[in-house]
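K.L.:
Sharing a structure with you now.
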There are 2 protein chains.
Amino acid sequence: MSSRLPGFSSAWKRFSSTSTFTAKSVPSKTHLHKPIPDEAFPKGYALNGVHCGVKKDPTVLDLAVILSTSPNPTSAAACFTRNTFKAAPVVVSQEVLDKSAGRVRALVINSGCANAVTGKQGTEDAWAMVRATDALLDPKPTGNETLVMSTGVIGQTLPISKIVSGIQASTSLGSGFAAWERAARAFMTTDTFPKLRARTFTLGGKQFHMAGMDKGAGMIHPNMGPPHATLLGCIMTDAAVSHRSLQSALTYAVDRSFNSISVDGDMSTNDTIVVLANGAAYPEAVEIDEHTDQATYEAFRDELTSFAQNLAQLVVRDGEGATKFVTVSVDGAASYEDAHKIASRISTSALVKTALYGEDANWGRVLAATGSIPLSTPLDPTRVSVSFIPTDGGGPLPLLVNGEPENVDEARASEILSAEDLEVRVELGLGNESAKYWTCDFSYVRI
Amino acid sequence: MSSRLPGFSSAWKRFSSTSTFTAKSVPSKTHLHKPIPDEAFPKGYALNGVHCGVKKDPTVLDLAVILSTSPNPTSAAACFTRNTFKAAPVVVSQEVLDKSAGRVRALVINSGCANAVTGKQGTEDAWAMVRATDALLDPKPTGNETLVMSTGVIGQTLPISKIVSGIQASTSLGSGFAAWERAARAFMTTDTFPKLRARTFTLGGKQFHMAGMDKGAGMIHPNMGPPHATLLGCIMTDAAVSHRSLQSALTYAVDRSFNSISVDGDMSTNDTIVVLANGAAYPEAVEIDEHTDQATYEAFRDELTSFAQNLAQLVVRDGEGATKFVTVSVDGAASYEDAHKIASRISTSALVKTALYGEDANWGRVLAATGSIPLSTPLDPTRVSVSFIPTDGGGPLPLLVNGEPENVDEARASEILSAEDLEVRVELGLGNESAKYWTCDFSYVRI
């Protein structure tokens, strides 16, 4: 018995016939880190990653400094964790962003210690990191122009003198792939590869660049080293964007990227995504603003969103123990918020995630997750459809159509489910709004 | 690095020193099923459990019938799943309860097939079960007086003729332990033992009885047989209680019991908890009602709540792969709802549950979960404390006091964490409201 489709017994038996279980091996993800040509990176940034001593192993990088060297003004925007227990770097970065009215030229990140639940000392240490990095800026800032991020152990104070020394020694900054890669490596905690991407894009016939890095979430194993789940990311572009429009664009992008991934379903004290826009691509840069040129703003916003989705998806792919990358699409919702809520619920359901790991075409679990949250427009069970979308170019495989179970082609379902990438699509039949979420399977095993 | 407390390295190393991992074996739970003396069961109930053929194995029971034989009126109340996709038995039971104004004398349950997402046929089948069971009642009812529950595969129709034949053949009903146990066994799907309990209680100097059974939730393994997560339970008492007060008492009790356990965090299409009160303890029974005798009502409500908690806790203890039984207490909240929300968030956090499995004193994860949901009264991080409460009679072990990490006795923490039962207590410092949740660990293992 199972809530699988009738006739799914053969796929099922592989998982139910014995009480012990041979787990699938988790595929290596290191091929996802690739060299990027120097010219793909945005102009006007200097950066580095070093070992300053937060981590014990001297070969492991733990501190990154990123400076804007653009002659044009640099805008910054950020999205911070909504957790009530905000770590010191979050509180300090928020204050820097507010006081500078979004004019920020630097970013400093350490891994190995989260500087969270560290009281007054923690706040002082975060400010010390800001001031030390401010001092690297040319021209010298009048106020503070550095944002700070930390990831690692909770409840321990930073080895702040080591970090400040490391920042002060960061004078040999680079701007090519090697420098970006060192910065990305300094972000890493349990990540199995540095998550670095760059892209070239065109706005109004002119070429711009965007590069970014992030570090991952999903650490759900008691035997893993660092059991923190912080999501940090930064994106740098050489386009010129006004602060308020950069914030609008980032909020929109983060909602559809970093807020649309599920690895372990928790929200850390340190989660932070930052974007800098320095206008270095063109000396005569005029800042993009949604109120003066809506079309260009939206084009930029969509580039940022798509790029943020790429970075966020790397985190899902590197989810600890993940063997599958699953896109959950919810279509036909009455509002984006409803669609996003359902996509989130499905993506974080342990029952759905274990069914995906088991390669079980279990629309019952998808349906139960779909129906389990209150929405602004109530669902009509007779309008809901569920299908699998393969990544091999084939058409969708309907499992449930308007509330009625389909008689499914078992061989085809097994084929789709055995792939590393697949999409689960839920159609609500209530409107025209959609949302996507990216999740991985739970490689839960029986003991 | 980890978010564990400073000095926790020895406990930690057990889990981090190698990349492969020897999982703890899940302890057997069958000792939790014990014989119960016949006289502990409520008077005026006749019941049985049989094999009718929903399940293949003829030695496995799959159908239970429970009748009230009391000369006094029997009241019924129920709490149903809030999932939008309600299975046919849920819809039909709700209608029976409404139309009978809470006068219901029978209950029929099948396992092996959930009769969910089965369209019109499903509704007809659920009604057929109701009518066949109504026919067993003496005196014959004028309307319908049977509630129906199903659990098992989703999307398949019931073998209804087998079930109706099974009901019709259910004439040799008993009232002692053997009969109750057979009924409890017919509930089981992936449960490793029948979940049956009884108790004697006193109201106004008179003795009454209560007995109940439930079946469990936590099936989170792709290699388990039936991947449904339905929670079914029923409680029968020989006290006399008016329908409306029985419903008030059950709603209160379910909120604090079945709605306060977390095994896999999902809510099925079939979840149902039913209570019957038949007044059979005393021929001259006057119905307890909250509007005529508040004190007696509250005494009954509290008995029901405590009994429902016992039944609900059995489900947590039988959670698939669970090695620990953890009570999460949230105290000092401004409202019960806020306390319940936080307790729920902590109890369903994969990061918290894996830390418990890893016996890691990880207050960072507890704190992150605590801070991750919006509340009606916002938290003040400087007032939050976290402690572990041992089950060996020792005092609480504070981990975080008013937002500041404690210097913890490592040996004592290891002792507390290595026990099968423990309590995690979070004090918010905002008010006088409390809530408790019961959860198990996630025996997630690295592959």
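Cβ atoms are placed via backbone N, Cα and C, with glycine included.
The substrate binding site annotation in TrEMBL covers A:Thr189, A:Lys215, A:Thr230, A:Glu320. For A:Thr230, the entry in TrEMBL reads active site, nucleophile.
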K.L.:
Three states by DSSP: which one describes A:Thr230 (substrate binding site)?
P.N.:
coil
K.L.:
Given a 10 Å Cβ-Cβ cut-off, pick out the one of the binding-site residues A:Thr189, A:Thr230 that has the most other Cβ atoms nearby.
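P.N.:
The most densely surrounded of these binding-site residues is A:Thr230.
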K.L.:
Sequence gap of 6 or more, Cβ distance under 8 Å: name the residues on the same chain that satisfy this around A:Lys215 (substrate binding site), in order along the sequence.
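P.N.:
Listed in sequence order: A:Ser111, A:Thr151, A:Phe187, A:Met188, A:Thr189, A:Asp191, A:Lys195, A:Thr230, A:Leu231, A:Leu232, A:Gly233, A:Val315.
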K.L.:
Using DSSP, would you call A:Lys215 (substrate binding site) helix, strand or coil?
P.N.:
strand
K.L.:
10 Å Cβ neighbour count around A:Glu320 (substrate binding site)?
P.N.:
23
